[in-house]
């Protein structure tokens, strides 16, 4: 080392660091995973194994270990093939999520909304929003282990911008529709308040029990005001908006009473319990396969194993099916298998195998008792009185399975973003938001095509309020419990204020637009929202390529949370 270099220079970090000696001064465990590009190729596997942040996004498989330890990263051809394989796996997971959303999730939401006489806006803000977002929020209790709130905050804000601009525009592009002001106006005002209030909390970098409680109370107030307003304006006989017309896959309205009885079930299939099981396991009819084009036939054949597994875990609830999907034999199978599946996937890496075995045994005993009750209180040829509860089971059960697939998909995307050396803030508000909202994209497009545009549009505006308020409230509570304090350190990163400003501007744009169009969702509004989102992406790209600097509390380009916490290293 040059003798001119003093200890003071080293402390001030004003001298260059050399690759061969970097690990002497800085612990690998405290490094951001993106620093894998700064070490020698033969040391990258060691870096990935020793760095905790490289396992932060891991779900069931460790893709960073696969890419840098199992695959030889110095071999360009092999390394490229591994990346292509991961991209194909992302495509497979996306297809599985698409299949579950179209064939199960949407129909279950429509059934419960119709049974509870919810109008499209209330169903979108509550039922659809909870189905899409509740599993993701609850998963933070398990997967959020780091003290860094930047990635989660940017994810929630980036997802909100994506939902309010791009997804809302997608719903409107599908077809124009009338907007009911008594629900949309309070929702948009709440979005503007939330975007400003939450950013004010985060910008102070300190959140306590008062701010955390305020987030939960604010969401309860939002729900109460929305529901009260909708009920007052939606009185029967004045202008009924509680009736959701059930449509088939082509958007045509049909009478649900035609399929409410066993009359449409083939006699040879309904003669025995084995016939009922076959009726539930049959994924498609032979005539549907025969008239389908070749690519549709390939899709149907490939979906057979997926659909069989889904039938064994979750009930089918669909107005178009005989008895609306009720199948007594398969429901008993669902009662036994799904709790075991839930326990195995949620607790397998948290408790010992002995305790897991006792929990599974208790689940089997409880399922057996519940199955006896179902057998004694229900029939094969008539829906049970608790069938709406089965619809709720189908909604949240399907949402949980999709959540598992989504987190595996997001884990791959995060590994690929580290390989591509994309900053965590840009990744959170773009690729991570797109991956976590894949279920929203499929669900909203399917609903809009089938004629439920208002339901999808309400979910675009209600989901951000739920994700931001309840999501952040959950994260803050977890951090307070783990740290043992009522005051935690938070930060919004380089892109937090940008997302908050865009969310406020987009909400204001929608409010002014619907006022000028007399509450008619027109293509001009969709064009405006699309333009706003493209502008947002352009700004993110400028920040990523350092054309401009993101405005926020974190002025470290790499988002190195651990270095920010070292005294004397933070710059303002």
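Glycine residues also receive a Cβ, built from the backbone N, Cα and C atoms like all the rest.
As given in TrEMBL:
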- 87-226: domain 'Sodium/calcium exchanger membrane region' (DOMAIN)
- 394-540: domain 'Sodium/calcium exchanger membrane region' (DOMAIN)
- 76-101: transmembrane segment (TRANSMEM)
- 121-139: transmembrane segment (TRANSMEM)
- 151-173: transmembrane segment (TRANSMEM)
- 179-198: transmembrane segment (TRANSMEM)
- 207-227: transmembrane segment (TRANSMEM)
- 329-350: transmembrane segment (TRANSMEM)
- 356-374: transmembrane segment (TRANSMEM)
- 386-406: transmembrane segment (TRANSMEM)
- 418-443: transmembrane segment (TRANSMEM)
- 455-481: transmembrane segment (TRANSMEM)
- 501-517: transmembrane segment (TRANSMEM)
- 524-542: transmembrane segment (TRANSMEM)
Residues of the same chain, at least six outside the transmembrane segment (356-374), with any C-beta under 8 angstroms of its C-beta?
328, 331-332, 335-336, 339-340, 343-344, 347-348, 384
Could you tell me how many residues in the domain 'Sodium/calcium exchanger membrane region' (394-540) are helical, how many are strand and how many are coil under DSSP?
120 helix, 5 strand, 22 coil
Distal contacts, the transmembrane segment (524-542) - CB-CB under 8 A, six or more residues away:
161-162, 164-166, 168-170, 172-173, 426, 429-430, 495, 498, 502, 505-506, 509-510, 513-514, 517, 548
What residues elsewhere in the chain lie close to the transmembrane segment (455-481), defined as a C-beta under 8 angstroms and at least 6 residues from its ends?
113, 120-126, 128-130, 132-133, 136-138, 140-141, 144, 147, 149, 152-153, 156-157, 159-160, 163-164, 167-168, 171-172, 177, 179, 183-184, 187-188, 190-191, 194-195, 198, 207, 209, 211-212, 215-216, 218-219, 222, 244, 440, 443-445, 447-448, 488, 490, 503, 510, 521
Residues in the domain 'Sodium/calcium exchanger membrane region' (87-226) grouped by DSSP into helix, strand and remaining coil:
119 helix, 5 strand, 16 coil
Hey, which bits of the same chain come close to the transmembrane segment (418-443), Cβ under 8 Å, at least six residues off its ends?
32-34, 36-37, 54, 64, 67, 83, 94, 97-98, 101-102, 105-106, 109, 128, 132, 136, 150-151, 154-155, 157-159, 161-163, 167, 170, 399, 402, 406, 409-410, 456, 459-460, 463, 493-495, 499, 537, 540-541, 543-544, 550, 554, 557-559
